[in-house]
């Protein structure tokens, strides 16, 4: 207990440690009597009596954090002087009850807080309450604490502050999460939307091998169309498996889907399923569709992308908490690539005017994203160093733009070549930095390498058709070989981690972060003011309201 006095003898009492209720009464009475005695000794002249509003009892008395959680845990201590020390394990929300009696123990093995129809309120009704405490712990602590962290949207800046890793998927050591780390979560909660990156890599490979088989620039290779057919079937099968699994996750754990949609990196992967579908439509083997596709296919696949454009681009434009300068990261290119892929498919179905419309939208936002990521405004969040694999997204967007322009105007002209040269330079600038992409454990984020490498390879084949030479053909062959090799390596590694080592889907810690940061290095501190004497209360009013004339006149007296 710290007792301070000002120049006129008014005393303020600042208590940092919260006492039990009985000890509080004794302590407050003794403090009041001591302050009154000291005031009588120091002041011999009478003071002017004034009407002072006394603070309510609940203002001067608060329930401590430890007492509240001891009631929540249903504990009854025989010795009232015995106090429970709160620890932080870093394994679940708040770290309270690490001994097996707190919130962590109650939620251990129970992940219903992330279910579509959460049973958190029903579970909290089973928590015993103490009527003599006069506190509604069920509503205040449980519903207002955990449920608020689960159901409300997490600010975009919290993900950058609390997470690290290739796709902001690892929790920093200084952060705590809502679910236990030492327990294996249900499979659907461990299944991220980033798995659609696997489908992106395989579906783009189907287009690449179709181009290698049909392009005049690579006819000397005599590539059979059977490879395109096999890769296309494999891409369709994996897309169906991933899409079905994620739909089950949407049906059972919708709160986890909301967390992923709020994630500044994963929100861009909501474009991925529809981009994959359009890739598979573009790379359809000639045996299945020789001529142009039906326009209804384009309408079905472009509709979700267009609505996502309105939502995401609207947030960038409105300047709110999710403005582009705050959430920009390399994966933001994925939301732009969907427009260029949609333009390619529009040209394939014979609707070139809608393709031009999509190309214009994509190119305008590509320039904004490109400049924002290069400039890194001071108001934006610091981009983590571990977010390196998705840096390859830089080369995918201009490459897709060049292919789309050539498909719309049936000519790989100056603008298409300009976009291609930009992607080629960015590709070389990343290749010469091998250390930039090393030092990370394997995850599905590594598939972010494949799609951009394949896109720039396809653009190189188109360029070799317009400018046939030994250099262009050799470049197209080299880039195609590199992208195919990368896809094969990652595909084998994915199978090994998924079925042999069973480490492909660890606990998805990114969706379980708290809405607000809790500093685990410092113990919770409850600071409050005790009942004060009239003189000290007047002094506190004077400090907080310096402009009050009455307080100024009293100070001069």
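Just so you know, glycine gets a Cβ as well, placed from its N, Cα and C.
The range from 20-60, 61-101 that TrEMBL describes as region 'Disordered' is residues 20-60.
According to TrEMBL, the feature transmembrane segment maps to residues 187-209, out of the candidate ranges 141-163, 164-186, 187-209. Of the given residue ranges 295-313, 314-332, TrEMBL assigns the label transmembrane segment to 295-313. By the Cβ criterion (distance under 8 Å, sequence gap of 6 or more), the transmembrane segment (476-500) is not counted as touching the transmembrane segment (269-289), fewer than 3 such pairs being found.
Simply put, out of 187-209, 229-248, 357-377, 414-432, 187-209 has the most Cβ pairs sitting under 8 Å from the transmembrane segment (269-289).
Beyond its flanks by at least six residues, the transmembrane segment (187-209) meets 111, 114, 167, 169, 223, 227-228, 231-232, 234-235, 238-239, 242, 245-246, 248-249, 252-253, 256, 260, 266, 269-270, 272-273, 275-276, 279-280, 282-283, 444-445, 447-448, 450-451, 454-455, 457-458, 461, 480, 483-484, 487, 490-491, 494, 505-508, 510-511 of its own chain at Cβ-Cβ distances under 8 Å. A Cβ distance under 8 Å defines the sequence-distant neighbours of the transmembrane segment (334-351), meaning residues of its chain 6+ beyond its ends; these are 268-269, 271-272, 274-275, 278-279, 281-282, 292-295, 297-298, 301-302, 305, 308-309, 312-313, 358-359, 361-362, 365-366, 369, 393, 396-397, 400-401, 403-404, 407-408. Highest Cβ contact count with the transmembrane segment (357-377) among the listed stretches 295-313, 389-408, 444-464 falls to 389-408 (criterion: pairs under 8 Å). The recorded stretches the transmembrane segment (389-408) and the transmembrane segment (229-248) do not share 3+ CB pairs below 8 A when only pairs 6 or more apart in sequence are counted, and are therefore not in contact.
Annotation: stretch 414-432 has the most Cβ pairs under 8 Å to the transmembrane segment (444-464), among 229-248, 295-313, 414-432.
Through the fold, the transmembrane segment (414-432) approaches residues 391-392, 394-399, 401-403, 405-406, 452-453, 455-456, 459-460, 462-463, 466, 479 of its own chain, all at least 6 residues removed from its boundaries and within a Cβ separation under 8 Å.
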